[in-house]
Amino acid sequence: MVNSDDERAGEAYLLVPKCSKVQLNGKEKVSSPTQEVDVDIVQKTIGVFGRWHIFVCLIIFLVKFPVAWHQLSIVFVAAPVDFYCVNNSTEKCSSNCTNYVYDMSVFKSTIATEWDLVCDKTYLVNFAQTVTMLGILCGNMVFGYLSDRFGRRNPLVLAVVIQAASGLAAALSPWFSLFLVMRFLAALATGGTMVTSFVLIMEILGTEWRTVIGVLYQIPFNLGHLLLPLIGYYVRDWRYFQAIISAPSLALIVYYWILPESPRWQLATGNKEGAIATMRRAAKANQLPIDKIEQDITLYLEHKESKASPQAKGNILDLVRTPTIRMYTIAIGFNWLVCGLCFFGVSQYIGQLGGNIFVNVAISAVIQVPSTIFACYATKAWGRKKTLIVADVMSGVAILLIAAVPAHTPWAKTLLSSIGMFGLALSFPTVYIYSGELFPTVLRNIGVGASSMCARIGSMVAPFVAALGATEPWIPPLVFGAVPLVGAVLCLKLPETLDCKLPDTIEEAERYNVKRSEEGVVGDVTEMS
């Protein structure tokens, strides 16, 4: 996006004649007579993608494995088991039955067998998953705020510490109530690692690599999902299972010593010495010159102070205070809702392909892998906006058609469900990248956190919508199919962000939107860069 005057300090820029072309990040851009083509000082100093970037991305990718495990572990922790009353002459859910015998042929122990969560207590199993999604929702918001206030690294370290401690405590919980509390804290920390790690990656990468790395960021989650049924197959006791998926987070405490702070955040908050130190280490690792880094950053901050009025740190109210950011919040937030509501709802159709719980979960995970890989191509070739619209339309139409499929053709429902899941899995990495690029630096964590919160709300509602199938079979496909189509319509109000410089301030985003409206430009990449 075109920077405002107070954000141009210390950056190299050119005033070019009408229709002249300039090189920016290796690409030719056509500029107007008064347009200044700004060079991102972070990208200029540490490069777009080098050894330092690869190292940081790889170690951050590791955090996505526990994210998948904690978010989806309820499938095995609370796996359904057959049971009957000790007194065979009594109905198993009769008030006269006080003791139960469980079928241990598949699982040795689950939270249902541990605390007799059957019959009138069955709802507590579903409540455990609701607590998980609520915890992730809260974590997105709490750690989004913390990382905007205190940096990206320290809150991420705090999150993995809480994730490991509470996850292991859940495995040792003697009471179901304590298990719920520990599960909520583990989920809260998981939500924190999700939003903070993604924003840190987006802020260190050059524009040319944000698309590919932003999508590949989802692959570790897919791999974690694939490993889950493998772990569950060999570990049939829920306590050992919970401990195994929680213990690896202890190793991530090393982030405190090896993970750098976001130089973009340091610059945005005026931390000159920290930014200089971070960018020197990065430039040195990438084999780039470091002699002029301190001079460039000094000029940047001096010019910023002389031209700009003091910038307050963003808060959640800023997401709805101005018209452009408000539209971004509504449109991207609703698309996150689509991902959460429909992804988990349609997963129930995939889960009905066979009777083996391990195969079912594996199939659900495998479907996501090719979709995520395809997202690497689509988000770069088509752009974020078109990719998200195509994904929404594909999933919406496919799921709607399920309602029209005759009951005697289950293969057709399976095929349509798979197409719908493919589209929804394509939406997830796309909306991740899109939301990370739409919001300015001062609001990025809060914006991504608030948007991701909508996905958690959707995931909590999904089981209730799916349950309506017992009343009318056509209701779930209608809801799960219509919602993505509404999301596609809302996308029309968003600009394209492919290969664009990340906005730093709210004023910058608002100013571009006004200019875009005046010129009749809709998401034109050359105008935003």
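For all residues, glycine too, the Cβ spot is worked out from N, Cα and C.
Those TrEMBL annotations? Automatic predictions, nothing curated.
Outside the transmembrane segment (52-72), and at least 6 residues removed from its termini, the chain residues within Cβ reach (under 8 Å) are 46, 132, 136, 156, 160, 163, 167, 186-187, 190, 193-194, 197, 200-201, 204-205, 209, 213, 216-225, 227-228, 231, 245-246, 248-249, 252, 255, 258-260, 281-283, 285-286, 361. Here TrEMBL flags 52-72 (among others) as transmembrane segment.
Per TrEMBL, domain 'Major facilitator superfamily (MFS) profile' is recorded for 56-499. For the domain 'Major facilitator superfamily (MFS) profile' (56-499), the model's pLDDT averages out at 85.
If you look up TrEMBL, you'll see 123-144 (among others) marked as transmembrane segment.
Look at TrEMBL and you will find 156-178 (among others) tagged as transmembrane segment.
For 184-205 (among others), the entry in TrEMBL reads transmembrane segment. Long-range contacts of the transmembrane segment (184-205) within the same chain: residues 42, 46, 48-49, 53, 56-57, 60, 63-64, 66-67, 70-71, 131-140, 142-144, 146-147, 152-153, 155-156, 158-163, 166-167, 170, 213-214, 217, 246, 260, 262-265, 282, 432-433, 436-437, 441, 444-445, 448-449, 452, 456, 502, each at least 6 residues beyond the stretch ends and with a Cβ under 8 Å from a Cβ of the stretch.
The transmembrane segment annotation in TrEMBL covers 212-234 (among others).
Under 8 Å from some Cβ of the transmembrane segment (240-259) lie the Cβ atoms of residues 56, 59-60, 62-63, 65-66, 69-70, 73, 76-77, 153-154, 156-157, 160-161, 163-164, 166-168, 170-171, 186, 228, 231-232, all in the same chain and six or more residues away from its ends. The feature transmembrane segment is assigned by TrEMBL to 240-259 (among others).
The feature transmembrane segment is assigned by TrEMBL to 328-351 (among others).
What TrEMBL records for 357-377 (among others) is transmembrane segment.
Taken from TrEMBL, the feature transmembrane segment applies to 389-409 (among others).
Residues annotated as transmembrane segment in TrEMBL: 415-434 (among others).
Residues or ranges marked as transmembrane segment in TrEMBL: 446-468 (among others). Counting only same-chain residues 6+ beyond the ends of the transmembrane segment (446-468), those with a CB under 8 A from a CB of the stretch are 126, 129-130, 133-134, 136-137, 140-141, 143-145, 148, 191, 194-195, 198-199, 314-316, 318-319, 325, 328-329, 332-334, 336-345, 348, 431, 435-436, 438-439, 475-476, 479-480.
Tertiary neighbourhood of the transmembrane segment (474-492): same-chain residues 330-331, 334-335, 337-338, 341-342, 345-346, 385, 388-389, 391-393, 395-403, 420, 423-424, 427, 465-466, 468, selected by CB-CB distance under 8 Å and a gap of 6+ residues from either end. According to TrEMBL, the feature transmembrane segment maps to 474-492 (among others).
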Original post:
Is it true that the transmembrane segment (328-351) and the transmembrane segment (212-234) have 3 or more Cβ pairs under 8 Å, skipping pairs fewer than 6 apart in sequence?
Top reply: no
Subject >> For the transmembrane segment (123-144), distant same-chain residues with Cβ under 8 A (at least six beyond the ends) >> reply: 70-71, 74, 77-78, 111-112, 115, 117, 155, 159, 176, 179-180, 183-196, 316, 445-450, 452-453, 456-457, 459-460, 463
Original post:
Residues sitting near the transmembrane segment (389-409): Cβ under 8 Å, six or more positions beyond its termini, same chain?
Top reply: 335, 338, 342, 346, 349, 378, 382, 416-417, 419-424, 426-427, 430, 473-474, 477-478, 480-485, 487-488, 491-492
Original post:
In the same chain, who gets a Cβ under 8 Å from the transmembrane segment (357-377) while lying at least 6 residues past its ends?
Top reply: 72, 75-76, 79, 106, 211-212, 215-216, 218-219, 222, 225-226, 228-229, 232-233, 347, 350-351, 387, 418, 421-423, 425-426, 428-430
